[in-house]
Amino acid sequence: MIGILDIGMGNLRSVHNAVYQNGFDPVVVHAAAEFDDLTHLILPGVGNFSAAVPEIDTRQLRQPILTFVASGRPLLGTCLGMQLLMGVGEEDGIHAGLGLIPGRVTRLAGEGLRVPHVGWNVLNMTRPHPIYEGIKKGRDFYFVHSYAAVCEDGNDLLGSTEYGGPVTAVIGRANVVGIQFHPEKSQVNGLRMIENFCNWDGRC
Ligand SMILES: NC(=O)CC[C@H](N)C(=O)O
C-alpha cells in the first residue's frame with residue numbers, strides 16, 4: 001500500500017491524485033502506527049523547510065521515517081519533501097533535516113538570477129535509476145523553489161536542471177529517492193515517475 005505522509009504542509013490532494021491516476025489506491029498517513037502496512041512512503045511538501053522540521057518532530061515522525069527507510073521499503077520525497085531528506089536546510093535559519101542523504105539545502109544564487117525558480121525546465125538524468133524507466137527525454141518538468149540540495153556525495157546526485165548553472169533535480173541513495181520538481185504538475189513524465197516509484201522495490 002502506498003502511503004502519503006501528512007506533515008501539515010503537503011500538496012496531499014494533488015500527490016494523491018497523481019498516485020491514483022496510476023492505478024494505485026494510496027492512503028494519507030499521519031502517524032507511525034499507520035506505517036506498518038505500507039509498501040512505499042511518499043513525503044510531499046510545499047512550504048518552508050524551517051516550518052516543516054518542527055512539524056515532523058512535533059508529530060513524532062522523524063524516527064518512524066528513519067525506521068521505515070531502514071526496513072528497505074522505498075521512500076520518495078517531492079519538492080520540499082526531497083529537501084527534508086537532506087542533512088541540513090538553510091531556509092530561514094539552520095535546521096536538521098532527516099539526514100537520509102548527506103548534504104545541505106542552500107538558497108539558489110547567481111548574478112541577476114530570479115529567485116524563486118518557477119516554471120518548466122529540463123531534467124538532465126546524470127545517473128541511471130529505476131525512477132527514470134520510460135521517461136521521455138527532452139521533456140520539461142515543473143519547478144517551484146528557492147532552495148536546492150547540494151549532495152556531499154556525488155553518487156547521490158541522479159539528475160540536475162539548469163538555472164544559473166546546474167541545480168540538483170533528482171537525488172537518491174539505496175531505497176530513498178527525491179525529486180525537486182512537482183511530479184504531479186509535470187504531466188506525462190511526472191506521472192510516469194510516480195508510477196515508477198510505486199512499482200519500485202527499493203533496489204537499484
Ligand atoms: N515549493 C516548495 O515547497 C519550495 C520548497 C522550499 N521552500 C524552497 O523554496 O525551495
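Each position is counted from 1, following the chain as shown.
Glycine is treated like the rest: Cβ placed from N, Cα and C.
Those TrEMBL annotations? Automatic predictions, nothing curated.
Feature list (source: TrEMBL):
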type	residues	note
ACT_SITE	Cys79	active site, nucleophile
ACT_SITE	His182	active site
ACT_SITE	Glu184	active site
DOMAIN	4-197	domain 'Glutamine amidotransferase'
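Long-range Cβ neighbours of Cys79 (active site, nucleophile) (same chain, at least 6 residues apart, Cβ-Cβ under 8 Å): Asn11, Pro44, Gly45, Val46, Val144, His145, Ile179, Gln180, Phe181, His182. Taking a Cβ distance under 6 Å to any atom of ligand 1 as the criterion, the active-site residues Cys79, His182, Glu184 reduce to Cys79. Look at Glu184 (active site): DSSP puts it in a helix.
Around Glu184 (active site), taking its Cβ as the centre, 23 other Cβ atoms fall within 10 Å, counting all chains. Across the domain 'Glutamine amidotransferase' (4-197), the prediction's mean pLDDT works out to 96.
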